[in-house]
Structures are given as structure tokens and as C-alpha cells.
């Protein structure tokens with residue numbers, strides 16, 4: 001045989017306290033019999049000698065010496081209060097301002113994203129990280145800043161980015177000054193173009209040269225659109241016109257590198273055939289060439305990569321996500337039309353990246369190189385990350401050394417680095433490659449998301465400063481000097497930022513102080529609680545002790561800032577400690593009480609001898625009364641059960657409510673009467689103070705013996721002493737109330753009459769009562785009746801018992817009068833439509849029509865029973881002779897739009913169409929037309 005698994009269902013359940021309850025009851029019996037309370041009685045009733053438990057999970061109420069469960073285990077915690085996790089306590093203090101502190105002065109600050117302003121943040125960071133542009137902004141006069149809000153907010157923004165101690169700066173003031181929609185993302189290229197235009201207008205008010213022309217000096221170049229005659233070699237007059245540019249827009253589709261895109265941008269277009277050019281010198285249309293020539297280059301060269309193209313078939317924009325290669329060092333000498341003795345070398349300084357595959361959405365970030373440290377940083381709104389010496393970080397891609405004429409390798413990642421030899425890679429056809437005898441290695445990067453490239457002009461290879469244009473001025477040369485030191489902030493901007501920094505540092509210090517204070521307070525409180533609870537138990541019976549409220553003790557052990565001691569809930573009316581509060585209090589040692597009372601005060605102080613003798617005797621007397629009540633009730637229950645069973649009873653008998661007695665028997669045995677014991681004869685007493693006839697609702701009764709009646713009346717009067725009505729005495733010979741009996745008889749007769757009337761209504765109008773349609777015969781006379789009145793009549797006639805409605809239908813004359821227009825004496829409701837079904841003519845929608853067709857017999861009976869005049873009825877006859885009426889137009893008339901009949905029986909073309917003809921006495925034509 002297999003072993004049965006032991007039953008552990010009741011393993012952790014406590015035994016029912018039957019034994020202890022009986023011992024307690026015996027103590028109170030002795031107290032009542034001897035009229036004295038011994039010390040042993042007090043010890044047992046107040047559980048003084050009960051041993052203190054150790055290690056129980058929850059605090060038990062039946063042991064005043066148990067202090068378990070007031071605090072969690074050593075490694076435990078709680079959801080709130082003193083014992084919650086330290087991390088949660090710190091979180092409750094709110095965000096730590098120092099978390100937003102800039103890591104170091106060398107670490108750039110971010111900009112807050114106001115919803116969809118990442119495009120603006122990326123452009124602003126590119127401009128700020130350019131030292132020359134930053135210096136120009138800081139050199140604007142204070143008077144000009146006051147007059148130009150855009151310049152003022154830009155200068156403030158740059159000053160905060162420059163000196164703020166916070167890791168990010170709020171961009172809202174500047175964005176709001178531009179009146180940009182925070183929730184709509186714009187194109188970064190369009191934003192930069194509009195911003196340059198706005199800054200040029202605002203800066204024109206400045207008298208400081210490097211501030212007034214900082215945009216033009218740094219970002220403006222010159223370009224010409226040259227058309228050259230292939231016959232005479234002359235260029236068009238427009239070819240000499242130089243146009244300004246602030247960025248070069250390069251194609252990406254079909255291009256693999258920046259070098260290819262520049263070749264495509266500067267490529268020569270042949271004008272032949274239908275596209276020939278008219279040459280003024282030759283005075284005829286001739287073959288020609290057209291191209292773009294770079295006349296001058298700016299100090300900061302921006303390339304806008306045209307990744308978003310328009311699809312005419314779908315009228316949507318698509319983003320090109322193919323890889324695009326671009327060098328770290330760009331030689332533009334061979335690209336410019338003017339001859340330069342020195343080479344024009346540009347260094348990659350910033351990459352604007354558009355993340356996402358969609359053209360109309362996504363996220364902008366900027367990778368920018370610090371001109372002083374040569375470190376690259378990623379600017380992602382508020383977050384700024386160091387990328388090291390590479391624009392995409394270390395280890396982000398592959399690297400290899402390839403010959404200069406070899407095409408770049410395909411790659412799988414979005415960002416890659418390749419090492420190429422001899423300059424910038426492959427040269428395009430028709431363009432002469434710059435001669436270079438020295439083998440050099442130029443790093444080339446690739447990205448699938450690069451949207452704009454920013455290059456900065458540097459010094460020549462022989463060490464001389466580069467000349468950007470033959471007409472360049474001194475200010476432009478100074479702007480291109482890479483050794484230029486950072487400019488200092490104007491005093492008013494410096495003071496403003498320092499004030500903000502002081503406020504920020506102060507908030508950090510306040511938070512730190514508040515955090516330390518809170519954690520120190522919690523640590524001290526926890527030590528206090530553990531220390532006092534370790535001394536809470538009373539060590540010996542001889543030691544003094546005090547009673548303390550368990551509710552207060554629990555909140556003291558849980559709360560960081562407890563209130564004063566409150567023992568008022570423990571006191572009885574005599575100001576002592578009653579035994580009934582033993583489950584709501586704990587027995588505290590004198591030492592622990594002194595520690596608590598000295599710190600928190602309050603009270604009252606309830607010591608060892610403050611138990612209430614009066615309450616002990618009252619409890620003893622209450623228990624004696626309860627014992628007596630239970631014993632008497634047990635005897636009375638036997639008599640009540642016999643009475644309900646109809647067992648022959650002897651002696652004097654009394655009437656009592658049967659329902660009340662049944663409920664009294666079902667109630668559990670209690671120690672004393674309750675409110676439900678009141679009113680044993682209330683339901684069988686009529687309003688006249690006599691016995692209610694038994695046929696009345698709720699007046700069922702039963703006879704009980706005199707002893708049971710006396711007991712029931714006694715407990716009822718004990719509960720409600722003033723309720724004489726509910727305890728009215730009705731002996732066996734009591735006669736039912738004659739007046740109530742007569743009223744019940746009359747009501748019964750009326751109900752019988754009403755039931756007969758309703759039965760007659762249902763039988764006389766059987767089809768109407770059952771909701772069945774009435775077949776309509778041609779040549780017979782019918783009447784129209786309001787469907788609403790018929791619905792009320794049907795509900796009234798079919799209802800019975802308690803659900804019968806009290807309201808009867810209205811009289812027919814009043815209802816018929818409402819169907820007619822008083823002014824024109826014409827019908828106000830639409831006549832019903834008819835339908836053919838299985839050879840019978842029926843009303844099409846009796847449930848929804850305003851009028852219902854009834855028979856002549858139904859009309860007569862309704863008039864007799866519901867106050868109708870037969871002559872006032874609205875008659876209707878059915879004619880089946882097509883669209884012609886029986887009789888002349890003087891007899892009847894009807895609107896032709898209601899003559900049509902839907903035939904659902906698929907009758908043939910010879911079928912006749914039934915038509916309703918309404919009596920002339922009521923209606924002339926429908927609808928009304930004045």
C-alpha cells in the first residue's frame with residue numbers, strides 16, 4: 001500500500017478558544033458570587049502572565065505581551081512610512097537637481113526639446129560650436145540686443161550654453177521668440193536658411209563689424225551659372241553675374257560619395273538640338289555648354305544632401321537611405337574657378353543626422369567637433385555624449401586602406417570609416433585631379449542618415465593662412481584663424497548666467513541638505529523604534545508596567561514623525577482600563593514607557609493598578625444575564641417550533657405574527673435581545689387597533705402558549721420600551737376587525753368585477769388582445785383607431801394581479817377628437833398602408849402605424865365600454881377596382897400618394913390594387929394643403 005500524504009490543512013490554524021472562553025466565564029461567575037476580585041483574577045483576565053511570543057509574523061490581539069510584527073525583518077521593507085526602501089524615500093523628495101549638472105566645463109550642454117524642436121536644437125548647436133560665429137554673437141552691443149528680441153534671446157541662449165552649470169539649457173525663450181510651433185517638425189535646411197536671413201536683417205543694426213557681417217563672413221560664398229557658346233567661345237551676359245549661396249545642395253540619389261556629388265553639381269551640360277542656345281554674338285541658335293562655377297568659398301562650407309525626393313506618381317516625398325561617403329579632409333582647390341596658389345583645405349566639423357526612414361517625420365541629432373579639443377560630441381536634445389576622436393565613435397564601423405582610384409567598399413552598417421590614399425577618392429570625368437606627390441591617408445566616413453555636412457576652412461599645408469577670395473577683408477581672415485581663443489561673454493550676459501548658476505547651485509545644496517536630513521531622521525527613528533521595542537516586554541511580574549494603545553504604538557512604529565501618545569481610546573467611563581480593551585492595548589515595561597513618554601508626552605498614563613473594578617463586575621453581571629437569556633431562549637425555541645408545527649397546545653393561547661416567529665427561530669443564539677426582537681404582533685394589528693383579518697396581506701398568524709408570549713413580550717419591550725403597538729396582545733378569542741373585514745370584502749368584490757370586465761374585453765376583442773392582424777375584405781366597413789390608445793387598452797386588459805396598471809385608457813370620444821384638426825376638420829395622422837399576403841389584405845405595419853384598422857363590431861363594443869359615440873368614428877372602406885373609387889368624389893377623397901400598395905404575394909399584372917377610402921365626415925383630403 002502507498003503512503004497517504006499527511007493532512008496539513010489545519011496546521012497553522014489556531015484552535016478555537018472554547019476552553020479559554022469557558023475559563024474566563026468561570027472567573028466572572030466567581031467574581032459575581034464572591035463579590036470580590038483577586039489578583040489572580042486580574043492576571044488571568046488581563047492576560048498578564050501570558051508569555052511573550054517570539055518570531056510570529058503578525059501582531060496578535062489576544063496577547064498584550066506580543067510586540068512582534070510592528071517592524072519588518074532586518075532585510076525587509078514596507079510600501080510607505082518609516083520602513084520603506086531608502087530609494088523610495090529619496091524619490092519622494094522629488095527629482096535631484098544635481099542630476100542635471102554639467103559633468104565638466106569642457107562638456108557641452110544640451111537643449112530641451114519642446115515637443116518637435118529637435119531640428120532647431122541641432123542647427124543651434126552647430127552654430128554655437130562654431131567659435132567665430134559665437135564670438136560675433138557675443139560682440140553685439142547691448143542696445144541692439146534690447147531692440148532685437150531674436151538677437152537678445154540668441155545671445156542669452158549662447159551664454160547659457162557657454163557658462164551654465166546645468167547639463168541642458170531651456171530653448172523655449174528663443175523658440176517662442178521665433179513663434180515656432182512646438183508640435184510641428186520642420187526641415188532643418190529650411191530652418192537654417194530662414195534663420196540666416198532673419199539674422200542678417202537683425203544684425204544690420206549693429207555697428208560692430210564682426211557682428212554685423214558675421215553670417216556673410218562665415219557662411220556666404222559666390223556661384224555663377226555659366227552658358228558658353230561652342231561656336232564663338234563667348235559666354236552669356238548672365239554668366240558674369242555672381243549669386244550668393246549659404247549652402248550647396250547636392251544630389252544623393254545615384255551618388256556614392258561627396259566627391260561624386262560635387263562632380264555632378266559642377267558637371268557641364270550640353271545644349272544641343274531643340275535645346276540649343278541663342279548666341280547674341282553669332283545671332284543664331286547654336287550648340288553651347290552650361291555649368292555652375294564656384295567663384296568664392298566661405299569659411300564654413302555647408303553641404304545640404306538632398307535625401308528627400310518628390311515622387312510625382314504618388315505626390316509624396318521619399319527619403320533616400322543609401323550609404324553616402326564623405327572625407328574628414330576636403331580639398332576644394334580644383335573645384336573653384338579662380339586660380340589659387342595655395343590649396344583650399346576644409347576639415348569636417350559637423351554632421352547633421354536625420355534618423356528615421358520617413359521623409360516627413362523622424363528625429364534630428366548633430367555630431368559636432370570641438371575646435372579646441374578636437375573631440376566629437378553627439379547632441380541629441382538634452383543628452384550630449386562624447387564620441388572621442390571619430391564622428392561616429394570608436395568601434396562603430398570597419399576601416400581599411402584602399403588605393404585612391406578604388407571605389408569605396410559596400411558596408412552593412414549605417415556609419416563606417418574607410419582610410420583612402422591620395423586625397424579625397426576617385427575624380428570625376430572632365431575634372432582635373434590636383435597633383436599630389438606625397439602619399440597621404442584621408443579618413444572617409446559613411447552614413448545612411450547624414451542630412452547636412454559642415455566643413456571649416458583651415459590653414460594651408462605650407463603654414464600660411466588661406467585666402468578665401470581675392471577681395472577678402474581682414475575680418476574674414478580673422479574668422480578663419482583656427483588658433484583664435486574663445487571670446488569672453490559681455491558683462492551683462494555673464495552676470496545673468498552667474499545669477500542663474502548661483503540659484504541652481506543653491507537648489508542643489510537645499511536638496512542635498514533636505515535629503516541628508518530626511519535620511520538621518522529615518523535612521524535615528526529606526527534605531528529608536530528598535531531600541532524601545534527591545535525593552536518593551538515586562539521581564540517579571542514584580543516589575544511595574546503601563547498600558548499603551550496598540551493603534552498609537554503601531555503608528556509610532558510606522559511613521560517618520562509620530563504624534564503624541566494617545567491612550568484615551570482605552571479608558572472606560574470611570575477613567576480606568578476596562579477588560580474589554582485587552583485586544584486593543586499592550587503591556588509596556590516601565591523603562592520603555594519612560595522613554596516614550598519623555599519624548600512624545602500625551603497620555604493618559606495607565607499603570608499596573610489602573611484596571612477598572614466596576615467594569616469587571618458589570619461584565620460579570622452581563623455574562624450572567626446572557627447565560628440566563630440563552631437558557632430561557634433555548635427552552636422557548638422548543639415551544640415556538642411546536643406552535644409552528646401545529647402541535648396541540650394547552651392553556652391560554654395568544655396570536656403572534658407567523659412570519660415574525662419564523663424569523664425569530666432562524667436567528668442565531670445571542671447573549672441578549674436585539675432590534676429584530678421588537679414588534680411580534682405589529683403586522684397582525686390593524687389601523688383600528690384590533691386583530692387584522694387573516695386574509696389581509698402579511699397578516700398570517702399562529703397561536704403560542706402563554707409562557708412563550710410572556711417571554712417574547714418581555715424581550716420586545718426590553719428592546720423598545722415605548723412600542724406598545726408592536727406588542728399588542730391578541731388572545732385566542734380576539735375577533736378580527738369588522739371594519740377592516742368589510743373593506744377587504746368590498747375590495748375583493750371590486751377585484752372580481754374588474755377581473756370579469758378584463759376577461760370580457762379579451763374575449764370580445766380576441767384578435768386585438770393577442771396582437772393579431774385583422775383580414776380586410778373589400779366592401780366591408782372598418783374604423784380607424786389610434787394605435788397608442790389600443791396599446792394602452794391591450795396592456796390594461798391583459799394585466800392581472802399585482803402587475804395590473806392603475807390607469808385606465810382614456811375615453812374614445814376624447815381620443816378621436818385629437819385625430820382631427822379643429823380648424824379644417826381634417827385627419828392629422830397618416831392613413832395606414834396595406835399589403836397582400838397569401839391572398840388576404842392586411843395592414844402593413846400595425847406595430848408602427850399611428851392608426852390601426854378595426855372591425856365594425858370591435859368599434860361598437862369599444863364605444864359601449866369606453867365612452868365612444870359611434871357616429872364620430874372614422875370609417876374606412878377598401879376598394880379593389882384599381883385606382884378608381886366606388887362612389888363619386890363627393891362621397892370620399894384621398895391623397896394619391898397613399899393609394900399605392902406593396903404586393904408581397906408576387907401577384908400578376910391583373911391583380912387589383914386595394915385602396916383605403918376614408919369617410920367624408922371627417923376628412924376631405926390628406927395631407928393638408930392650404
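Glycine residues also receive a Cβ, built from the backbone N, Cα and C atoms like all the rest.
Range with TrEMBL annotation region 'Disordered', chosen from 394-438, 439-483, 484-528, is 394-438. Looking at 1-22, 23-44, the range tied to region 'Disordered' in TrEMBL is 1-22. Residues of the domain 'DUSP' (756-878) grouped by DSSP class, helix first, strand second and coil last, total 47 helix, 27 strand, 49 coil. Summarising model confidence by region, the domain 'DUSP' (520-612) averages a pLDDT of 91. Residue counts of the domain 'DUSP' (627-730) by helix, strand and coil are 48 helix, 12 strand, 44 coil (DSSP-based).
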